[in-house]
Amino acid sequence: MITLAPSLDTPKTDQNQVSDPQTSHVFKSKLPDIPISNHLPLHSYCFQNLSQFAHRPCLIVGPASKTFTYADTHLISSKIAAGLSNLGILKGDVVMILLQNSADFVFSFLAISMIGAVATTANPFYTAPEIFKQFTVSKAKLIITQAMYVDKLRNHDGAKLGEDFKVVTVDDPPENCLHFSVLSEANESDVPEVEIHPDDAVAMPFSSGTTGLPKGVILTHKSLTTSVAQQVDGENPNLYLTTEDVLLCVLPLFHIFSLNSVLLCALRAGSAVLLMQKFEIGTLLELIQRHRVSVAMVVPPLVLALAKNPMVADFDLSSIRLVLSGAAPLGKELEEALRNRMPQAVLGQGYGMTEAGPVLSMCLGFAKQPFQTKSGSCGTVVRNAELKVVDPETGRSLGYNQPGEICIRGQQIMKGYLNDEAATASTIDSEGWLHTGDVGYVDDDDEIFIVDRVKELIKYKGFQVPPAELEGLLVSHPSIADAAVVPQKDVAAGEVPVAFVVRSNGFDLTEEAVKEFIAKQVVFYKRLHKVYFVHAIPKSPSGKILRKDLRAKLETAATQTP
């Protein structure tokens, strides 16, 4: 069973309520609040309208195009739920899903919800230490994965596969592992009757938040049902999806943006989801053309490929009506380049944070009755939520066109960080406001623009790279006395991690040696792209790294490069 850090109840506010003078500038959606069925467990909410589209396609899997209907998806998920129960997984237990995009990922996630357990999703490309950090902190009882990743799971830190924890593989199982059929061939009538409360945890992605190392983010059934409803429910949904739509799912489902805004939103709306395990431009374009993909959820590097790759001209992408870019800011030039490539599509951005469930705002150009929107905006705050912008120094709320830290309040935000009261309290204040660590402003038309970041996090192609994690590894090297990691802007990736390193006295150390030392211990997107050797790391009197000074050094160096 998992133990949660004490949560802070989110205050309920009237639609037009004005708070005290200290928090008087509160922004709401242009769309009216709606009733939300967030009393339902997540799986029940997603399948609430199943009878209306039971025989329509739900999942279309990759180049082979194997298709599962909604009825298939519900049945197989129910069988796996029974199978998990047969293996001893109880309400509140944690199951790790260590898979690339696949139908088995979807079935497993829904099955975990059905028995009141908790899914912690992890990147299968993580190194063994990265996987076991999440596995250990989450106290997972079972891992669902592929055989190719099992070697990473053997005898790490004394935990014995098959004895201390179970591993189920979706393909031929290696020694001491179970085959997925022990789950998928169970009798669906054996799913136990479990009382699930809206505040029970259902998902535990890991996020660094505004600072520090990755932490378990407790998302409840209420969190995720509310977030999905804010996007796709109501007479005029913010994200208008129909049973005729086919959504592109090339972004990894272990990332909350893809899990929520692609998979869960599609399930609720009865749309089909085209699953791709990895991004390969030729395959992507062929599948979009073959399956008449109508909604593409993307990140800026994918936008770059669609806007600039010459292969795009050889395919018919006229079926695409919506392109939603998220996970990292999209530059105006890139946005304009894609508009020129796909003039028929509505292009807009969403803005989110894992801890916020994750969607804070979304382009209203995606609504059933769309609004005019501005280039560069990441939309307006989602309905049934409140947003404010505060001065990071004073905490005073700010009005229109005044940049400050963005804060969000609503029933979609996380319950808290797993076993970390201090981090929870520093992120969600006593009034229920979640502080994002992002700097932005709201313009006169209620559109949100992100301009900077208070938090330390680096975003590489939408993936989180926590500087503290890399700094901890760097200073563990005997030849390194001190180190700091900061982001450097990059056209293709958005940001890349670079390190400033202080050598220990008498030690000789090369840039390549430092890069190799880190590369052996982390997933590919956390690898260092540049190492600068310095005499000292700039720090405040309290010992905090002055990251702004280091970022300024990078910018100066960039302007001086011929």
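Glycine too: its Cβ is placed from the backbone N, Cα and C atoms.
Straight from Swiss-Prot, the features:
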- Ser207, Ser208, Gly209, Thr210, Thr211, Lys215, Gln349, Gly350, Thr354, Asp438, Arg453, Lys544: ATP binding site (BINDING)
- Phe257, Ser261, Ala327, Gln349, Gly350, Thr354, Met362, Lys455, Lys459: (E)-4-coumaroyl-AMP binding site (BINDING)
- Lys278, Lys461, Gly462: CoA binding site (BINDING)
- 13-22: compositional bias 'Polar residues' (COMPBIAS)
- 1-22: region 'Disordered' (REGION)
- 280-349: region 'SBD1' (REGION)
- 350-417: region 'SBD2' (REGION)
In three-state DSSP terms, the structure that Gly462 (CoA binding site) belongs to: coil
For Gly350 ((E)-4-coumaroyl-AMP binding site), the one of Ser207, Lys278, Arg453, Lys461, Gly462 that lies nearest, given that the binding-site residues are compared by Cα: Gly462
Helix, strand and coil counts within the region 'SBD2' (350-417) (DSSP): 6 helix, 26 strand, 36 coil
Per DSSP, three-state class assigned to Ala327 ((E)-4-coumaroyl-AMP binding site): coil
Cα-Cα distance maximum in Å, computed over every pair in Lys278, Lys461, Gly462 that the record assigns to CoA: 15
Listed binding-site residues among Ser207, Lys278, Gln349, Thr354, Arg453 whose Cα sits within 10 Å of Phe257 ((E)-4-coumaroyl-AMP binding site): Thr354
Spatially closest candidate among Gln349, Thr354, Arg453, Gly462, the listed binding-site residues, to Ala327 ((E)-4-coumaroyl-AMP binding site) (Cα to Cα): Gly462
Distance, Arg453 (ATP binding site) to Lys461 (CoA binding site) (CA atoms, angstrom): 16
Three-state secondary structure, which DSSP defines for Lys278 (CoA binding site): coil
Length of the line joining the Cα atoms of Lys278 (CoA binding site) and Ser207 (ATP binding site), in Å: 22
Env. residues of CoA site, Cβ within 8 Å of mean position of Lys278, Lys461, Gly462 Cβ: Leu251, Pro252, Phe279, Val299, Pro301, Leu302, Phe463, Tyr525
Helix, strand or coil at Arg453 (ATP binding site) [DSSP, three-state]: strand
Conformational class of Phe257 ((E)-4-coumaroyl-AMP binding site) under the three-state DSSP mapping: helix
Ser207, Gln349, Thr354 as binding-site residues, winner by CB count within 10 A: Gln349
